[in-house]
Amino acid sequence: MSGSPVKRQRMENALDQLKQFTTVVADTGDFHAIDEYKPQDATTNPSLILAAAQMPTYQELVEEAIAYGRKLGGSQEEQITNAIDKLFVLFGAEILKKIPGRVSTEVDARLSFDKDAMVARARRLIELYKEAGISKERILIKLSSTWEGIQAGKELEEHHGIRCNMTLLFSFAQAVACAEAGVTLISPFVGRILDWHVANTDKKSYETQEDPGVKSVTKIYNYYKKFGYKTIVMGASFRNTGEIKALAGCDFLTISPQLLGELLKDHSKLTPVLSAKAAQASDLEKIQLDEKAFRWLHNEDRMAVEKLSDGIRRFAADAVKLERMLRERMFSAENGK
């Protein structure tokens, strides 16, 4: 006999409990941080790649990307662009060695208002993965959830069989447009919505169930499930484990290594909060959005307008920093020959 149930080992950790009803994704470019948490998928963005590219442990990848950019030749700008694309793919390829599922690789945020340029850059990234022996089935291309980005996602999915992850998603309008575009996955942000409300309203703290980021993702999840959209809802950008627990049951959640570590040490009981069944009871009504209606509805949400703009600027700024870093490495070395 193994003894009474009371004497059993303490409850399994919150991360393992969460994995029973939500697909857990690691939000990091630091692939050495992934092993411990055994996520299904992983997501990267320009800021995470910039941070990882500055770590001593990843300098071989940076050197390989620089060599690739040089080998293809062309102008300095072309060499740097090719080196950056290669760097993103090198990190993605290493991450894929650690996970069974897919990695998300982001298109340069400076293209966020140029549909055709986003499509071209996405296809280029997929081509680079193919050169590395990785099929497009294991890649999600991340695009900003501007109107142009959403239409780029629609084109990539329908005409090129390239799966997309729509990021920087803050408004219900963005979520509805993504569902109608038939993209594979959306990443509605939680923590950045909370940040905005703390900074711009008199209320400085929230109970988890009243957290505006949690409420936003809950509404989007319920809408998608109620109306039968196949697009995966992946909550992103968390400030604490309370937000994660409040969204247990969501299709996917992408979580930083720091918060994955906290969940690993947490042995409190976790129960699913979101479910497709409960979503059927929500009082949401179906809406359809053409471009004009999308722009109006999104523009009515001050938080979403400000956070989308801010998010694009931040990712663009980190892309510029990455370019500067590679330019110094590529061309100062060349000048010193």
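Even glycines carry a Cβ here, placed using N, Cα and C.
Features as listed in Swiss-Prot:
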- K115: N6-acetyllysine (MOD_RES)
- K142: active site, schiff-base intermediate with substrate (ACT_SITE)
- K219: N6-acetyllysine (MOD_RES)
- S237: phosphoserine (MOD_RES)
- S256: phosphoserine (MOD_RES)
- K269: N6-acetyllysine (MOD_RES)
- K286: N6-acetyllysine (MOD_RES)
- K321: N6-acetyllysine (MOD_RES)
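Most Cβ neighbours within 10 Å among the modified residues K115, K219, K269, K286, K321: this distinction goes to K115. By the criterion of other Cβ atoms within 10 Å of the residue's own Cβ, the least surrounded of the modified residues S237, S256 is S256. Of all the modified residues in the record (S237, S256, K286, K321), the one with the smallest CA separation from K219 (N6-acetyllysine) is K286. Comparing C-alpha positions, K269 (N6-acetyllysine) sits nearest to S256 among the recorded positions K115, K142, S256, K286, K321. Here the candidates are the recorded positions K142, S256, K286, and by Cα distance the one nearest S237 (phosphoserine) turns out to be S256. Under DSSP, K115 (N6-acetyllysine) is assigned to a helix (H, G or I) in the three-state scheme.
In sequence order, T43, N45, S104, T105, E106, V107, C164, N165, M166, T167, S187 are the residues near the residue listed as 'active site, schiff-base intermediate with substrate', counting only same-chain partners six or more apart with C-beta under 8 A.
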